[in-house]
């Protein structure tokens, strides 16, 4: 295998890649951003609307069959060097039932693990992304056991966009696996779970599991993050200046898409209704254009305001936060384009017009951070 690897590098052949649970293309955008010479030979995704978005941007429609119906022979025909996987996270979330492998949504990933030893050419590399909590699940135990038996070496990470200069708190679990004799560039990190991206940049001052950054470490991270205003498509306004939002609207219009769920064609339709502010104001996470941290956007953003993502104050008060009247801060939702910006999607990414606003937020909430995944993939493919 090492000779084949050397031959590939010398001949500059593109890596052949399979993309599982492709969604709206976050993994593929990460692969492109990494600079790796590669070719996605097939993508797999069961969601029809997500495939519409993927096809719109990549001119290729993913295979839409059930992954559980795949056989080892099916996978062999792709002759892929690497498998990239972002399986459903619901079995492992804190809000979910935490059934782990007992959740039906985990079955397809378990099926893929079962197939690896039966393929004639197992992938040289695997990349798995999931929520924090996956690392303590029985599915994780099954995955590591399978990979170890098949001579894979793993390096695991829990990383957030905040560690890459993006003001977005979205910690996620990542597993990088390479089959012997392929080595990782930093072998000090073999078979460890790290909370630091240092190995990606050739540094060994790693933060291992259980030694997560303290608050002072987080404060230092935020110093290097860009402000929220760099990720906005709609003008931000500060210091109580008049908003470009149409003042004839009081924000009481339903922002949750109950009037056809069409995509707003004017700024005021992203304003948070006063009724929601009065009811849920204390539970809202408010950020400002100069903020350096934004909460994770979930698939329920725009449908619910509690715990689904940050809201932007379009009028910045003299005193920030809930001490000031929230209704006077003209809170609005971040637009889908802005959420895509926080996920570091490229400027040319777009949704087909028929995809509703709720669908856009839901798909973005299920996606991943290109800013985090691209350097991880670069590190994985680097020999």
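Note that Cβ sites are derived from N, Cα and C of the backbone, with glycine treated the same way.
What Swiss-Prot records for 15-383 is domain 'SAM-dependent MTase C5-type', and it gives sequence analysis as the kind of evidence.
The annotation S-adenosyl-L-methionine binding site is assigned in Swiss-Prot to 24, 25, 26, 45, 67, 68, 86, 367 on the grounds of similarity to another entry. The Cβ of residue 25 (S-adenosyl-L-methionine binding site) has 53, 54, 57, 58, 349 as same-chain neighbours under 8 Å, each 6 or more residues away in sequence.
Taking Cβ-Cβ distances under 8 Å and a sequence gap of 6 or more within the same chain, the neighbours of residue 89 (active site) are 130, 131, 134, 366. Per Swiss-Prot, the feature active site maps to 89; the stated evidence is sequence analysis.
Under the heading region 'Disordered', Swiss-Prot lists 241-261.
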Seminar exercise, completed: residue 45 (S-adenosyl-L-methionine binding site), Cβ-centred 10 Å count of other Cβ atoms over all protein chains shown, is 24
Exercise. Greatest CA-CA distance (Å) over the residues 24, 25, 26, 45, 67, 68, 86, 367 that the record ties to S-adenosyl-L-methionine?
Worked result: 22
